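Features reported for this protein in TrEMBL:
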- 169-191: transmembrane segment (TRANSMEM)
- 203-227: transmembrane segment (TRANSMEM)
- 233-252: transmembrane segment (TRANSMEM)
- 273-290: transmembrane segment (TRANSMEM)
- 302-320: transmembrane segment (TRANSMEM)
- 362-384: transmembrane segment (TRANSMEM)
- 390-412: transmembrane segment (TRANSMEM)
- 454-471: transmembrane segment (TRANSMEM)
- 689-764: domain 'CusB-like beta-barrel' (DOMAIN)
Amino acid sequence: MGEEAKKVAVPALLKKHLQAFRVDDGQQQTYIIRDKNTRQSHYFEPWQFFVLEVLVGCEDFKKLSSVFEDRFGRPLTIDEAEKLFDEIEEKKLFRIQAFSHPILEELKTRKGSQASAASTGKTVSDEELPAGIKDVAGMDDTVAFRGFKIFDPGPLLKILAPIVAPLRYSIYLLPTLFLVSLYIATKYFVLIEHDIGFVLDNITFLEHILLGMITVNLAVTVTTAFVAHSFRATVHAVCLVFYFFFLPRFMLRIGHVQQLSRRERIWLHATPLVVRIALFSLGILLWYITRGQGTGQSLFGLSLATISGVSFLITANPLIKSSGYYLLSAFANEPYLKEKAYKTLLNKLHGRVYTSADNTILSAYALLSILCLLTVITVGVYFVGHILKIQIGPAGIIVTAVLFLFVCYRIWRQLKKITEQYERTVQFERWRKRLAPDNSDSIVPGRQRNITRSVVWTSIVFITALLLMVPCRYNPGGNFVIIPGKQQEITSNYPGIIKEVYFNGGETVTADTPIAVLDSSEFEYQRNLYAYKVKEQAAIIENMKAKPRPEEHLLALRSLEVEKTKVRFSEAKLQRARELFQKEAISLEELADIEKQYNVDKMQEEERTANLALTDAGVAPEELEAATAKLQRFKEMRDYYQRLIDQAVLRMPFTGTLTTLHLKQKIGSFLEKGEPFALAENTESVTAQINIPEVDIDFVQTGAEAELRPLAYENMEFHGTVTNIGPDVTEEQFGKFISVMVRLENHDGAIKSGMTGYAKIQSSELPLWNILSMGLRRFARIEVWSWLP
């Protein structure tokens, strides 16, 4: 489409040589007024061009605003019209006849009166600021803050506003997202508590402040800027301010907020709360999704959720001046909500009546506001004092006390300032309306109320004193964990393959019952081999002990007689041979052979004589002892392999429960030496390990009764007896504790190993005032005493 087709008529009150064009890029429309003489182009929004078009037909501003509301659904404010006409006049686009128009003359007169008022030193009263704008830093110019401007986000907002506009529909997903995150946080509260402790141990206080600034605070600031821009307010600057002199935060300076409607003011202050809820939900989901990955994303998500949740609880509190308070002020359309509440409370405390301001709701609101503020300050000072005590020792407590007194002094001065300011405001209202306070609207003394109040306070003090003298039993307590009475891992003394398993786990088994069997075929072979050797060696020893037998003696004797006979014949043959040799009947060699045979027979006779003596002597004691030792060695090897075979059977060490499940799935697997096969427990009698703070250990005695409430049984109580008090002090995240052992009977098996909960140990009775002042007295007797020289 060409430029001629986009050309529109020039408004009647503008110069005739100007040209007007409508540019439509598919998302929004823009009007361009071009000056043919100077060749300059001026850009206008649709509502601005519409005002210029209908201006000629409107006699007064009321009609112009009505026509504008019919077209755009909202009334036109004087500030918007004045700013538009000033811009047209500055660019010299009006015709000369235009300045005689009634609306332009009226605005010119109004502008002149405001300039005159400024020249005489008068300012617009704070009363002109609507509820939700008054006293808001960055919106009310009378509120000072410590900080400096960073940059002007106006041009950037104009560019990005159309892009991020569709994101406003994501608010419809927020309730579902918040409910899911709340469910996760409730279900996994223990894990979240553990991870938060880890985060606090590894991230410093300064890092927490910076993380909250660049995440939660930055997201709130950016979202609020877009919301304010969409409501036609002007975001002048993004500033860096310092709360409590050291806490850096981003803040917006927003102008033209007087023209915001009540609904727009409510949404402007609700935006920071909605953003914090969204960041809390996203942080919990990020922690839940990435916790099992072992990365830092889960800790970042948890830190984001923690910072968002804490900041939401602070800013959403309507009892302190923050988003929640300004939201309530805008909703009630009451700019002096807190001032009137404080004044009402002071009137009631002083026994005065001011019916136009005295209201029970306002009094309760003021009282809760003060209590909440003191609670927040007390908690904050406590944590700061805890950190300072760790960093600089006992001197940190003195610094904390000075800081607490300083904050209380500042609060007192602020309350006094608010009361005086409201008194001046009421007096100014009366003076302006020329109304004197009547009987129902005046402050009058209430003598009867003073008497009643005195009686009530006296009664309260008396009853409180009586209650403080009532004796109460001080029961120190702490978290506990259940330990079984007996617990043992069933292991093997040697490696092997699991051959059989008789239980699957979870069953109650009596003592010495076989549970599983390992493969022992090699040991059985060795045992049988040595059993045979034992039998053989025993037979040998029995044979040795039976010697000499008669048969052996007779055999040895007959052998000796044979040899003696041979010797006689050999000797006779030798005599004959010698005679023949002398007669030279035989040769010398033949004589030598005969002599040799004789000597052999003689020696065999001696051998048989010795054999007879040996046979008659029997077995030597040394031989019998050596054979017996060898038999004993065979028996020991046989018994050794038998023990290994017996150890291949894994047995229940005592009557109890097999807590390991799916044991039969281990059939065929290899079990290393000392590797646990199953875990056996006996929980008929269990032990609760209670972590008692070291400051309360003096009230714990052996034999004292204890009351335990496990988390799993919120409606049940278990009782036991203190059996042992640990000798050492263990330091944990939140202090130092001493372990106290309590014995409990568990015949029904309701208490499971590893259960946790809270336990209290019965102690002596003390007056209530003694119990309540215990911490203060301990502080005075130890901490203060340590400061003394």
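Yeah, the Cβs are placed from backbone N, Cα and C, and that goes for glycine too.
Note that this is a predicted model, so its numbers are computed, not measured.
Put simply, of 203-227, 273-290, 302-320, 454-471, the stretch with the most CB pairs closer than 8 A to the transmembrane segment (233-252) is 203-227. Applying DSSP to the domain 'CusB-like beta-barrel' (689-764) sorts its residues as follows: 6 helix, 43 strand, 27 coil.
Contact counts against the transmembrane segment (273-290), taken as Cβ pairs under 8 Å, peak for 302-320 among the stretches 203-227, 302-320, 454-471. Here the transmembrane segment (203-227) has long-range neighbours at 153, 157, 160-161, 164, 235, 238, 247-252, 267-268, 271-272, 275-276, 279, 303-304, 307-308, 311, 387, meaning same-chain residues at least 6 beyond its ends whose C-beta is under 8 angstroms from one of its own.
Confidence for the domain 'CusB-like beta-barrel' (689-764), expressed as mean pLDDT, is 86.
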